[in-house]
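Novice: Structure below; questions to follow.
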Amino acid sequence: MTLFYALIALGSLALIFGLILGFAAVRFRVQSNPIVEQIDTILPQTQCGQCGYPGCRPYAEAIANGDEINKCPPGGDATVKKLADLMGVEAKPLAGGEQAEPVKTVAYIREDECIGCTKCIQACPVDAIVGATRQMHTVLIDECTGCDLCVEPCPVDCIDMLPVKTTKQTWKWQLDAIPVTQID
Amino acid sequence: MEKLIAQIKQGKVWPFPGGIHPPGQKTISTGQAITRLPLPDKLVVPLKQHIGANGKLIVDKGQQVLKGQALTKPVANWSVPIHAPTSGVITDICQMPSAHPSALPELSIIIEPDGQDRWCTLNPVPTPSLLSHEQLIDIIHDRGIAGMGGAGFPTYIKADSRKAIEYFIVNAVECEPYITADDMLMREYASGIIAGIEIMQQLLTPTLTIVGIEDNKPEAIAAMQTAAAHNDKIIIQTVPTVYPSGGEKQLIQLLTNKEVPSGGIPADIGVLVQNVGTLFAVNQAVFEGKPLIERVITVTGNTIHNPGNVWALLGTEIKHLLDCQGFSPVPQQRVVMGGPMMGFTLPTVRIGVVKTTNCILAPDHEELAEPGPEKACIRCSACADACPASLLPQQLQWFAKSKEYDKLKEHNLFDCIECGACAYVCPSEIPLVQYYRVAKVEIKEQQAEQVKAERAKERFELRKQRLEREQEARQNRHKRKPATEKSADEKQKIADALARVKSKPAKDDDKSAVATAIARAKAKKQNQGADLEPDNSDVALERAARKEQARKYKEQKAAASTTDGDKAAPADDKKAAVAAAIARAKAKKAASSTTDSETAAPADDKKAAVAAAIARAKAKKAAKAEQADSLEADQTQSETAAPADDKKAAVAAAIARAKAKKAAKAEQADSLEADQTQSETAAPADDKKAAVAAAIARAKAKKAAKAEQADSLEADQTQSETAAPADDKKAAVAAAIARAKAKKAAKAEQADSLEADQTQSETAAPADDKKAAIAAAIARAKAKKAAKAEQVSSVEKDNAVDETTPTTKNQEPGTEAQPEQTAQDKKKAAVAAAIARAKAKKLQQEGSDK
């Protein structure tokens, strides 16, 4: 009989706590960002397609489905590291021997050579090139992600990828400079 | 608060945490009064000397400027103008190294002084109390005043604070070693500074104004107290000498015991801080109307023979300052802009003085040794003790080295004022501040990149959506077209049937139509004389009646479907194979409605037996139906010629080519006359020939060319020209046929053109030349018939009892050939077609001869 009471007591306790937990699980559910979103925010959004996917989001989806995390050259090692942290995998060097800290570039159209074919406009993933048929095109530097996609289609090769200029706002002190000392 | 004010008035100060006591070295440069430098031979005035945007250049290279003349105009928020520091000529406007540790080039105006130092017209305001708030702010803005303490914040923004200011604090602390510019300014211009303070009081209406001066400047304190004696709202507060008590946040805490919240600004707690130099500049701007073109600069250091303070024009090269004060550089001489704690070593001395330059320090190696190599951190925590912002410099250093930016933010890196106290006390000579500066820039860069990535993502998404939309629209266009056509088709069929039903009673009802038909028939008989057989006359009568019906139907259609033009337009535009197909289909359907009446015509011509003829006839009808929509009868005639040509669609690619040409001509007609529908109708006709891909391609090219020609040249010329190139290509026998057709089309158009005579004779001549081929002759004959049929109908509008004759009479002599041709053609309907055609040619030639 005692055994019976004990079972009933424990059983009812288990039921009560189970209900409380169940309720809490529904009521206080923490809405976490879907993993794809999180990966997508880490990716540099150049939309360059160098990973083999048409844009950053498709690559984010691919990573979520188990693709390698080291296929993003514009992101460099920093992105790989962040992705490794997020996905709980080992950080590895960039695929294809890309440089760890990529130089940021923007497209520049040599405007007097532009024939106005609009091919680069169609190629630009972020609509950062303005122009019209048989009119000169130009790049909105602030919107250009430096993805290189406009260089290939240009029939007259008038697009250069130039490194982003350092401004006073982006200039950094040289910390690893070797001090020069003169010895008499 | 009353208590606090009372405490402040009693002279109480509230020390901030940390701080250091470096040797002051101030007496080096306070030995003599402020001197004025001789005019340099060149001034380099950077456009941007403050925080915010550049002004817009309003001067040109080579322009003569007067002292105080504005060189830029403020355009954006936070932009402050600059002024010519002396009179002279602008020799260049170019990129020059800037007063920044990087010396990154910056757009600068280079002025060569003329030595006369002529002022421009100044507008002094003797009594600023009469001016409104806005007027004063405008004066401060236009005179280019920006914070002269070091940051260069535009003063007009601070002075226009939207938040209520309780304490206005004047920063006269000047805590950094060596610098005495503010000290000397206060000693010599105390009353001017107080006047500046009073202007700010007028603008900000603070409860209390506190002037904080370190106790190592007794002369300045005395001068200021004397000058401020008349104003009891100004308190001259002596603060202990601690570095960095001149930091904005530190000074606020020191004087009011209030702490500026992390990430906030002093105005958030009702406090506003201005430097004494700035206030003196405000005074000069208002009372004397002088813009900010010069400032006091301390030139000091052991390598300077004559250290002291100088009034230097903005833009004076550092080299000039050093030379004037006597400079004997040591090997590897360093020249520091700013003080030894927060200043930076200049990469070159050919940099102009800017609004924020307060000191030029040229030390020798003993007084300011090069920092030694960085050693390992021994965790002595001296830096944490020295930090005036209560940060953990050591911790920050670890995070900065390992680039853990999130951690840095957590440890409030952005509250660091970069005063250098931590690095000063560091026994391991770690350049802590440099680490923080790099980390700050990198964090800001990351944030900027994040923003940019966000935007790129957004733009990418929007682009994707747009492309999808376009794709969908394209598909829909393809899908919907056939659907609508079906319905249109059905409608047409119904309408057809109705028309037919109606037409039967119409025969009886509309006697005028029948009468006209009879009249026409009679006229023909008269013309044709006895050659005509009675059977034929009957048929002609019937045909006339049918034509009447057809016309009615067309009118109905024109009223009902205004969309014709719209549909045709896109088809015309792209003539893509698909669109073309659709267009063709439509054309046929449109045609089918009128088939009844039209088939009769060919029947009349006896070609009824040939199925191909029917097909062709349909094509024509389609064209005609559309033409019916077109406004003027003349134009329709030109058009009918084109479809007439279309009949020969059965023939091979040559025919296709010919048609292309015709279409082109139709387009020319278009350009001449307003009716766009014409070109459009021609286009679908053109599209029918899409079966031969190559032909289409060629045709398009030609059309484009011709269309252009049409634009440039006048009507007559274009026609003759188009005919010429067309002739060039008809080398092949098949081509001959094509040519013939093209000519017909051209002729039809010429008829349209205002002066028929000349053009017709011209076109007729070449036409005759090339009609060698028999097939061509047949084609022509057919075209003529079609054209005539149309003429007949068009003239019927008028009181047409005897229609064919009036038309011909109305027309000019050149066209007289045509009626004759028509008559003959009809006769030859009974006889063999070939003979008839031959005759027709002859007649044409006659006509052209005329």
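Cβ coordinates are placed from backbone N, Cα and C, and glycine is handled just like the others.
Note that TrEMBL annotation is computational and uncurated.
Straight from TrEMBL, here's the annotation block:
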BINDING   A:C48, A:C51, A:C56, A:C72  [4Fe-4S] cluster 1 binding site
BINDING   A:C114, A:C117, A:C120, A:C154  [4Fe-4S] cluster 2 binding site
BINDING   A:C124, A:C144, A:C147, A:C150  [4Fe-4S] cluster 3 binding site
DOMAIN    A:31-89  domain '4Fe-4S'
DOMAIN    A:105-134  domain '4Fe-4S ferredoxin-type'
DOMAIN    A:135-164  domain '4Fe-4S ferredoxin-type'
TRANSMEM  A:6-26  transmembrane segment
Novice: Using an 8 Å cut-off from the Cβ centroid of A:C48, A:C51, A:C56, A:C72, can you name the remaining same-chain residues around the [4Fe-4S] cluster 1 site, in sequence order?
Specialist: A:L43, A:P44, A:T46, A:Q47, A:G49, A:Q50, A:Y53, A:G55, A:Y59, A:K71, A:P73, A:P74, A:G75
Novice: For A:C144 ([4Fe-4S] cluster 3 binding site), which residues of its chain lie six or more apart in sequence with Cβ-Cβ distance below 8 Å?
Specialist: A:V106, A:A107, A:V126, A:A128
Novice: For the recorded [4Fe-4S] cluster 3 site formed by A:C124, A:C144, A:C147, A:C150, name the remaining residues of the chain with Cβ within 8 Å of the site's Cβ center, in chain order.
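Specialist: Output for this site, in sequence order: A:A107, A:C120, A:A123, A:P125, A:V126, A:A128, A:I129, A:V139, A:T145, A:G146, A:D148, A:L149.
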Novice: Nearest to A:C51 ([4Fe-4S] cluster 1 binding site) by Cα, among A:C120, A:C124, A:C147 (binding-site residues)?
Specialist: A:C147
Novice: Rounded to the nearest Å, what's the C-alpha distance separating A:C120 ([4Fe-4S] cluster 2 binding site) and A:C150 ([4Fe-4S] cluster 3 binding site)? Just drop the number here, would you?
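Specialist: That separation, Cα to Cα, works out to 5 Å.
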Novice: By the criterion CB under 8 A from chain B, which of the binding-site residues A:C48, A:C56, A:C72, A:C117, A:C120, A:C144 would you report?
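Specialist: Correct list, in sequence order: A:C56.
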Novice: By CA distance, which of the binding-site residues (A:C48, A:C56, A:C114) lies nearest to A:C150 ([4Fe-4S] cluster 3 binding site)?
Specialist: A:C48
Novice: Of these binding-site residues, A:C56, A:C72, A:C117, A:C147, A:C154, which scores lowest on Cβ atoms within 10 Å?
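Specialist: Relative to the other binding-site residues in A:C56, A:C72, A:C117, A:C147, A:C154, A:C117 has the fewest Cβ atoms within 10 Å.
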Novice: Measuring CB to CB from A:C114 ([4Fe-4S] cluster 2 binding site), give everything in the same chain under 8 Å that is also at least six residues away in sequence.
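Specialist: Within the chain, A:C114 ([4Fe-4S] cluster 2 binding site) has Cβ neighbours under 8 Å at A:G131, A:M136, A:H137, A:V156, A:C158.
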Novice: Mean pLDDT for the domain '4Fe-4S' (A:31-89), as a whole number?
Specialist: 87
Novice: Please indicate, using numbers and ranges, the residues of the same chain that are 6 or more beyond the transmembrane segment (A:6-26) and have a C-beta under 8 Å from a C-beta there.
Specialist: none
Novice: About how far apart, in whole Å, are the alpha carbons (Cα) of A:C154 ([4Fe-4S] cluster 2 binding site) and A:C124 ([4Fe-4S] cluster 3 binding site)?
Specialist: 11
